[in-house]
Each structure stands twice: as C-alpha cells, then as structure tokens.
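Trainee: Questions regarding the structure given below will be posed in turn.
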C-alpha cells in the first residue's frame, strides 16, 4: 500500500533569497526578496516592486516555506490593510537578514570606499604626492595586525594587576589617547571610518603620511589689517619679556604655510595660500573675532595633492 505525503497548502519552498523580517503583534513576519535589491529599493535606485520581491507573499518562516495566515496578518496589521501595503511596510521598516556571501561583499565595498577616501586625503609630507590605494591598504593592514597582536598580548598579561603610571609626586598621570585601527566594519559609515583610519596612520606612521593641505582665499579690508592684535596676558615670572602681538595681517599670514598670491584690490586685501587642515578653524575664529565681519575665508580646495 503506497503512502502519499501531503505538503501543507500554506508551505512554499524558496531558495537563494534575501530576507526582510519585521516583528509586529508578538509575531515575526518575513518577505522573500532578490539579493541586493532591498538596499536598492530603499535608496530609490530600484522602483519596480516585482524586481525586488521573489514572491508577493508574507511568511511566518521563509526557510520553511510557511506563509502567514490571513488571521495573523489582520491581527498584527489591521483587518482592512491590503497584503500589498503589508509587504511595503515590511520592506521599508523590516530588518534585512544578510547571508555570509552578501555580508562579505558589503564589507569589501565599505573597505574599498574607506581606502579610497584615505588615499585622497593623505600625502607624503616630503613630496606632497598622494599614495596609491594599494599602499594605503597595506599600511592599514599593518596597523590592524599590530592592534590585534597588542590585544592578544594584553589578554595574556591580564592576570597581573595593572598599576597606573605615576610621576615624581606619586600622582597618576593621565594616559594619552591612542588612535588604533582594527579594520573595517559594516555598522559604521565609510566616511567616519576613513577619519579614524587617517588618525591612526598619522599617529603611528607605518609610512610617512600627513593630511593634504587646504587651499584657501582670505579677504579683509585694508584698514583692519594694520590693527594690533590683542596681546595674551603675560604669565607670572616672565618679568619684562613681552611677546610682540603683531598686526591682524601678521596673524593671518602666520596660519598660512605657503602663500600662493597676495594682492590689494581697491580697499580689500586678498591672499590665496595653503594651510594645514588643523589650522582652518583657529583661522576662521580669529577672522570672526578680530575683523568684526570685515574679513572672510573661502575654501578653494579641501585637499590639495600632487599626482604622478
């Protein structure tokens, strides 16, 4: 006597899918999508829903092929809500379940973006030339290896009690913040990770690097340029030694590492030059405080580099 195995009517088998999951009304609902299409939908690149969904159904469990009963959908989303609207809500608000291959591809994309940003912002301090992305990649790999090795050494020595460093007065010295690089993650933006990577490279110098200089145009009325800058208060014990404060023009030029052009046009003085990125904010603050709106700074190039 032959036996027939009946597959439940609400069971659909799907493979090679990207899942989007939403928990609502104490139940978990899933939809089956094509790989890489969910992010394209959310970014507005893909607008055709048929290109995103493998099947226009709502599931309790996609891997088991178990579709969600109408009663469960009505209880969680409302009786009058159409299935298409429920699918859109899950697609837009649900959590994307990423597979191993997809996660690796996403990690590689972020990694390449980070390396590309860093390579465009850092230069060899001697030649002012950019490094290739390959050289930046190797330098970051070196830092990552050192960081993981350092973590291993710390855990091995973790059994010993740590004593804070002390000075001659037996007071604990504050530890300086170290910029380390352990590698790229998918939970942070490429821009913020590139900033962390640059700080670590500049701090550790596995290869000679510095931030690419900014190119600025600074303008100021000529009658303000000759005004004296307020001298800082002299420290006790300095005696008669007083640092000459100089003029507003002298102070502006002190921020500029290299002057490209300098000219007077009518009653306005203009200088174009290169400054270190760290000097931009102090320069802007100085112009705002000392010139009372008669001086301004304009960024012509965020990162000036020389390429071969």
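Here the Cβ of each residue, glycine as well, is placed from N, Cα and C on the backbone.
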Trainee: Could you check which of 67-105, 106-144, 145-183 is flagged in TrEMBL as region 'Disordered'?
Mentor: 145-183
Trainee: Counting each residue once, how many in the domain 'Ribosome maturation protein SDO1/SBDS N-terminal' (16-103) are helix, strand and coil under DSSP?
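Mentor: Counting residues by DSSP class gives 32 helix, 23 strand, 33 coil.
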Trainee: Tell me, what is the mean pLDDT of the domain 'Ribosome maturation protein SDO1/SBDS central' (112-212)?
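Mentor: Taking every residue in the domain 'Ribosome maturation protein SDO1/SBDS central' (112-212) and averaging pLDDT yields 79.
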